[in-house]
Amino acid sequence: MSSLSASESVPTKGLSVKVENLSVTYRTTFERVPTFKNAITRFGRGQRAVREVEALKNVTFDVPDGTALGIIGNNGAGKSTLMRALAGILPPTEGRIEVNGRISPLLSLGVGFNPMLSGRENIILGGLASGLSRAQVVARAEEVTAFAGLEEFIDAPMRTYSSGMYSRLAFSVAVHMDPDILMIDEALSAGDATFKTKAAEKMGELRESARAFFLVSHSLASIKQLCNDAIWLHKGTLMMRGTPEEVTAAYADFVNVGESAVILEDL
Amino acid sequence: MSTDKQVVDSERENEFTTTHHVYVPHKAGIPPLANYARELWRRREFATEMSRASLRAANTLTLFGQVWLVLNPLLLSGVYFLLVQVLSGGRHGWEFFAQLTAGLFTFYFISGSMGTGASSVVGGGKLLLNTAFPRLLMPFSAIRTAFFRFLPTLPVYLIFHVIAGLGFHWAVFIAVFFLFLLVVFALGLAALFATLQVYFRDTTSFLPYLTRIWLYASPVLWSIETIPPRFEKVITVLEFVNPLHSLLGGFTQCLVNGDIPSFTTFATATVWAFGVFAIGSLFFMSREREFAVRL
């Protein structure tokens, strides 16, 4: 995914993220479960079950250090694909992405955990996978647990967790892995009022200390409250870049609902 | 805000964690191998922890879990022993039983590696969607699991070894070398089947048939020395076509009989082990960036 030649390895000063003409097109199968049996039958009929998805089309933007960037858009606009591309999980099809900093592992809420394993095992596995050493992860595990308020349940398998507990842990893991660049994908929509307040506080704090902060949310109020910059994606294209107020207003206009209470709040 | 400043500063440039990454479209399928290998090594703890967690989840570390690991292949050895005994008119003794257990236990390590390896990537789907790390860690961790399920069967074999009065030879040390080759072979196999499983989810359904045929084609139920002359042609082909012929045959020959295998066996086993390792892992690496959209 990256050909790290010397010429490309010079970081651009003052920028956390630089995205140039990024297109992500991937081929995926529309079969429910891809099997060899189906492939053979299809081959006999001369059909193909692979579909191209153009998730992002020619997206260009810069994120200077200290930016809290809100990302809005309808479902399927390419928001999560953008996050995954920035994290290096999905390779670009065209264009170039430059990232300066360690990225937090959480992309969308509640995923990344193995439900059969305990909360603690999941914290440790997640941390190790993202490149921290065991000592660093073990040291953070306590903090993560305490912040999520899950001291009693941390050694129970995660399939026994409620969805709120699940998302509290996911959020807590993301913010405690010391990212330079924090990416939160629809994280505020779960958890109870107490945790939401705590999470908002923590995000405010991280916004100050992290080099950059990305927030994907359907809650326009959260975007306005937590971000100082915003982009709006629609069907893979970048529609607008501006202050959170401008962008959310344009988006609300576009979807033709007005700034009603429904889109301002999480349901 | 990194408190791991020292770590970050000393980190070398690579595509997975450094503080500076450039992602561009990949033209060739295989990532820079030196970087990949370095990252793989740096996150070996993840593979260890992953395997430990899955062993814990399957209760493998408890007493009865261990008993079960041994009991299953042991009962199978009993069944096959009876079968071969009946077919051959009852001329086999403890010595054959010892050889049978050694062969079966080892064969089950390989077939277990294929199974756990195949499901490693698809099973770890969620983590793959959220974190960038060298994906080869998943099948490699599966091999660690398979190996730790194989280990408790070794002392059980030793009991039969002693009962059969086979004695101890220094060739046992050569068996360690063959065991190493078997592990290398298993790593390649796991990577290969893990990739296939992503594209064809029914791969694991075919595996039982494959393992059964493979078992009959490998020197487990029969030994290389006791083959009737009329099968000689088949054996000369199998010797090179079936990787387990040299790998498993060499292993049991050292362990059970205390013989030192021929140079051909050494060479074939080494070539197969590293060949399959190279093919499996390179195939896996060339495909791994697509896994996120295929899961």
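Cβ coordinates come from backbone N, Cα and C, glycine included.
Small disclaimer: the values here were computed from a predicted structure and weren't measured.
Sequence-remote contacts of a segment are chain residues at least 6 beyond its ends whose Cβ falls under 8 Å from one of its Cβ atoms, and for the transmembrane segment (B:60-83) they are 92, 96-97, 100-101, 104-105, 108, 148-149, 152-153, 156, 221. What TrEMBL lists as transmembrane segment is B:60-83 (among others).
TrEMBL lists B:64-287 with the feature domain 'ABC transmembrane type-2'.
Annotation comment: TrEMBL describes B:103-125 (among others) as transmembrane segment.
Feature annotation from TrEMBL assigns transmembrane segment to B:146-164 (among others). Within its own chain, the transmembrane segment (B:146-164) is flanked in space by residues 51, 55, 60, 66, 69-70, 73-74, 93-95, 97-98, 101-102, 105-106, 108-109, 112-113, 116-117, 183, 186, 190, 255-256, which lie at least six positions past its ends and keep a Cβ under 8 Å from the stretch.
Distant neighbours of the transmembrane segment (B:170-194): 106, 109-110, 113-114, 116-122, 136, 138-140, 142-143, 146-147, 203, 207, 243, 247-248, 250-251, 254-255, 257-261, 269-270, 272-281, 283-284; these residues of the same chain sit at least 6 beyond its ends, with a Cβ under 8 Å from one of its Cβ atoms. Residues or ranges marked as transmembrane segment in TrEMBL: B:170-194 (among others).
If you look up TrEMBL, you'll see B:206-224 (among others) marked as transmembrane segment.
The transmembrane segment annotation in TrEMBL covers B:266-285 (among others). Within its own chain, the transmembrane segment (B:266-285) has Cβ neighbours under 8 Å at 29-31, 36, 135-136, 139, 178, 181-182, 184-185, 187-192, 194-195, 239-240, 243, 245-247, 250, counting only residues six or more beyond its boundaries.
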